[in-house]
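Data first, discussion second: the structure below is written as structure tokens.
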Amino acid sequence: MTEFTPTPADQFTFGLWTVGSIGRDPFGEPTRKPLSAPYIVQRLAELGAYGVNLHDNDLVPIDASAAERDRLVSDFKAALNDHGLKVPMATTNLFTDPAFKDGAFTSADARVRAYALQKTMLSMDLGHELGADVYDFWGGREGTEVDAGGKLLDSLAWFRDSLNFLADYSESQGYNYKFVLEPKPNEPRGDIFFPTAGSMLGFIATLDKPDRFGVNPEFAHDTMAGLNFAHAVAQVIDAGKLFHIDLNDQKMGRFDQDLRFGAENIKTAFFLVKLLEDTHYSGMKHFDAHALRTEDEAGVWAFAKGCMRTYLMLKEKARQFNDDSEIQAALSAYRVEDSELEALSKKFSPENAQALKSRTFDRSALGTRGPGLEHLDQLTIDLILGMR
Ligand code: GCO
Ligand code: MN
Ligand code: MN
């Protein structure tokens, strides 16, 4: 069905590390050959993606010579140019190298913290050169397995100092980066600092330049922890901080699976897409997932197409939901409006407080009303399953 074929206007992005995943896991060797960055650019453009994101070391190996770096970057830029793909987001790999085994910005070793700053500044330079305007911080190693080191409060301060430093660096260079902080509860660390979107929002308020920082929530990360991702995203939207989003899927309570978007929790995915579309989210929709380890290269492109197709199908379902008169009637019936009480409750005044205190409520009627959620939810299921 061609109507669910993406175009760059849909603003779908993938990472070099996502479609480029070679299928390694903690128990097994790679099952696929590496794909070159220019080849990934070509294939993603053919599939209708808008852009490709990267960590510094997805493109330039950590020990590359200056000449090698220049060649890799120029081949990549040529491919971007040839195929019209953008690099909207860049980030730093602060988790693979053993130097970061006990944290990067939150390492107890001041030398590691300084090296993390150096590596991030260089990576920000690269991202800027490639046109990125969003810079992501996923603190994969920023955490602990044991707290015997006693660095909990220090880690928060070190992380804050690092982000303040890098925001100032960005400004001093004339970069216009918006920074996004990506929460994850665990994996690879036993406990990662700032495990939820709410923790990130609270932390952002303590930074020197909070306006430059937003959140990059990820479907799998909340789901691993048994949380409802749509609820987390709603809170980030309410705070005006949804600058980027990582879409994928995950079974609750499992290891980090990074499944194809919509592969598992179709109902939450539907309410998420509806939320993004209803609120006119205008940032990138990044699929931070990878093909199953069982797959060959054809499976990788089937995976990438599937992520985008499912998003577009759910977007169409959200449109149908909003246009469905029976669903809209059930929604109206769910809400009880009372303009007088709403006016009294909206804002405190001594008069409003007094009026509410002296009001008589029919508590038993309030407790016996059936809001019709079973009916409404079944209508939603019928719609998602294509029966309406
Ligand atoms: C994960 C994370 C990463 C980050 C990426 C960009 O669980 O491994 O989601 O994929 O998104 O490192 O910062
Ligand atoms: Mn993840
Ligand atoms: Mn992610």
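Using N, Cα and C of the backbone, Cβ positions are placed for all residues, glycine too.
A TrEMBL annotation is a machine prediction, not a hand-curated record.
DSSP assigns His55 (active site) to a strand segment in the three-state reduction. On its own chain, His55 (active site) has Gly15, Leu16, Trp17, Ala90, Thr91, Thr92, Asn93, Ser123 as residues at least 6 apart in sequence with a Cβ closer than 8 Å to its own Cβ. Per TrEMBL, active site is recorded for His55 (among others).
Its Cβ taken as reference, Asp58 (active site) is surrounded by 20 other Cβ atoms within 10 Å in the chains shown. Annotation comment: TrEMBL describes Asp58 (among others) as active site.
Residues or ranges marked as Mg(2+) 1 binding site by TrEMBL: Glu182, Glu218, Asp246, Asp288. According to DSSP, Glu182 (Mg(2+) 1 binding site) is assigned to a strand segment. In the shown protein chains, 22 other C-beta atoms lie within 10 A of the C-beta of Glu182 (Mg(2+) 1 binding site).
Counting only same-chain residues six or more apart in sequence, the Cβ atoms lying under 8 angstroms from the Cβ of Glu218 (Mg(2+) 1 binding site) belong to Glu182, Pro183, Lys184, Ile245, Asp246, Leu247, Asn248, Asp288. Under the heading Mg(2+) 2 binding site, TrEMBL lists Glu218, His221, Asp256, Asp258.
Residues or ranges marked as domain 'Xylose isomerase-like TIM barrel' in TrEMBL: 41-287.
Of all Cβ atoms in the protein chains displayed, 25 besides its own lie within 10 Å of the Cβ of Asp288 (Mg(2+) 1 binding site). Among the recorded positions listed (His55, Glu218, Asp246, Asp258, Asp288), Glu218, Asp246, Asp288 have a CB atom closer than 6 Å to some atom of ligand 3, in sequence order. Cα to Cα, His221 (Mg(2+) 2 binding site) and Asp58 (active site) are separated by 22 Å. Cβ packing within 10 Å was compared across the binding-site residues Asp246, Asp256, Asp258, and the lowest neighbour count falls to Asp256. Within 8 A of the CB centroid of the Mg(2+) 1 site residues Glu182, Glu218, Asp246, Asp288, the other residues of that chain are Trp138, Lys184, Asn216, Pro217, Phe219, Ala220, His221, Ile245, Leu247, Asn248, His286.
With respect to ligand 2, the recorded positions His55, Asp58, Glu182, Glu218 contribute Glu218 as residues with a C-beta closer than 6 angstroms to one of its atoms, given in sequence order.
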